[in-house]
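Chemist: Found this in Swiss-Prot, in case it helps:
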type	residues	note
ACT_SITE	Glu157	active site
BINDING	Cys113, His156, His160	Fe cation binding site
Amino acid sequence: MITMDNIIRDGNPTLRARAKAIEFPLSEEDKKLAHDMMEFLENSQNPEIAKKYHLRAGVGLAAPQVDVSKRMTAVLVPGIEDDDEPIFKHVLINPTILSESVQLAALGEGEGCLSVDRDIPGYVPRHDRIKLRWYDLDGNKHVERLRDYPAIVVQHEIDHLNGILFYDHINKEQPLTVPEGTIILE
């Protein structure tokens, strides 16, 4: 089981490296990693389990965050209500953004990261809509359009695969000024 102790923190060089593509068929090690990453997200969103194991809630976890430099990320965007099915729940292998909207969006409360322990205020402009290609654990190709919050989460996770952290996108001189043309998602 992955816990916060397994998640590397800002400053570790793995977080700044471009992760390597994964070959199919997946190794047993890669399958276990995929399972464990999704399990962490599920556990982190369960208040009882999160409290018991001191987990910070997360909606995404990339392999580099557990010190594995491979192009794999787990994403679990929960439904609006507790009983709702997740909006987006997948382990993405070798994900690629095929196209993106001109329209930018940012989260009103800013972004956070399991690998960054400090609060870094500022708007993180991202594309409001993306067309995403990824492979599942069996090597099947998927193409899906995402918008708003799920699109932002996936872009954050793909950044991890490219050695980019969310605060790299924040305007250093005016972090709390909304970038021109950016819509704010609350």
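Placed from the backbone N, Cα and C atoms, the Cβ positions cover glycine too.
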Chemist: State the Cα to Cα distance, in Å, between Cys113 (Fe cation binding site) and Glu157 (active site), rounded to an integer.
Modeler: 10
Chemist: In DSSP terms, helix, strand or coil for His156 (Fe cation binding site)?
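Modeler: DSSP assigns His156 (Fe cation binding site) to helix.
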Chemist: Determine the Cβ neighbour count for Glu157 (active site): the number of other Cβ atoms within 10 Å of its Cβ.
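Modeler: There are 22 of them.
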Chemist: When a 10 Å sphere is centred on the Cβ of His156 (Fe cation binding site), how many other Cβ atoms does it contain?
Modeler: 24
Chemist: Below 8 Å Cβ to Cβ and six or more residues apart, same chain only. Which residues does that give for His160 (Fe cation binding site)?
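Modeler: Result: Leu15, Ala19, Ala62, Pro64, Gln65, Thr73, Ser115.
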Chemist: Beyond the listed site residues Cys113, His156, His160, identify every same-chain residue whose Cβ lies within 8 Å of the center of their Cβ atoms for the Fe cation site.
Modeler: Gly60, Ala62, Gln65, Glu111, Leu114, Ser115, Glu157, Asp159, Leu165, Phe166
